[in-house]
Amino acid sequence: MKEQLKGLLDQAQINLSEAQIEQQLALVGLLDKWNKAYNLTSVRNPKDMLTRHIMDSLAVRQYLHGQRFIDVGTGPGLPGLPLAIAEPDNEFVLLDSLGKRIRFIRQVCHELKLTNVTAVQARVEDYQDEKQFDGVISRAFASLNDMLSWCEHLPAENGRFYALKGLYPQDELEQLPEQYKIESIEQINVPGIDASRHIVIISKRS
């Protein structure tokens, strides 16, 4: 599986150290193990997890600006955990309302010795942090409208929202609240995934 991951990373032109590659593989191993008991993801095959979870998460790395991020509705830590492994100098808060997902994330952090991740069990609209975030990341979480409504208190003044989507979300974009602007919409090519992927980057109007 290591050679498969290295090949995928080369195709995507993503550079990770040998230690980071081992951590990504260990994450897949833990996800596979926990998934059998706790049903954390519908993806059952570890090789599919490499493409649909690890590579799909890492594909957004190049678009992130800043050092402090929150991954809302993170599920089993996606995309937050793969990103935190790849960016050890950045800080990631991973938020989800389900306890089993948060327990899994904490176990991963313990076993992989990730010190830049904080796992929080809460509903996003109820969550308050002492410091605001450079980026609010969501993957398969909610419509753009709902994400902005529930998360409007989280980004810093110049912070951004990063919404990971499948198909180009035309209908959602047309309903965007006036106080927000689209900074860019990028089509993401993920090696091993044929399906359409997009990232929508949004900021508040000044």
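Here the Cβ of each residue, glycine as well, is placed from N, Cα and C on the backbone.
Annotated S-adenosyl-L-methionine-binding residues in Swiss-Prot are Gly73, Leu78, Val124, Glu125, and among Arg106, Arg139 the one listed with them is Arg139. For Leu78 (S-adenosyl-L-methionine binding site), the same-chain residues that are 6 or more apart in sequence and have a Cβ closer than 8 Å to its Cβ are His53, Asp56, Ser57, Asp71, Arg139. Within 10 Å of the C-beta of Arg139 (S-adenosyl-L-methionine binding site) there are 21 other C-beta atoms, taking all protein chains into account. Cβ environment of Glu125 (S-adenosyl-L-methionine binding site): Trp150, Cys151 lie under 8 Å away, each six or more residues apart in the same chain. Counted over all residue pairs in Gly73, Leu78, Val124, Glu125, Arg139, the record's binders of S-adenosyl-L-methionine, the longest Cα to Cα distance measures 19 angstrom.
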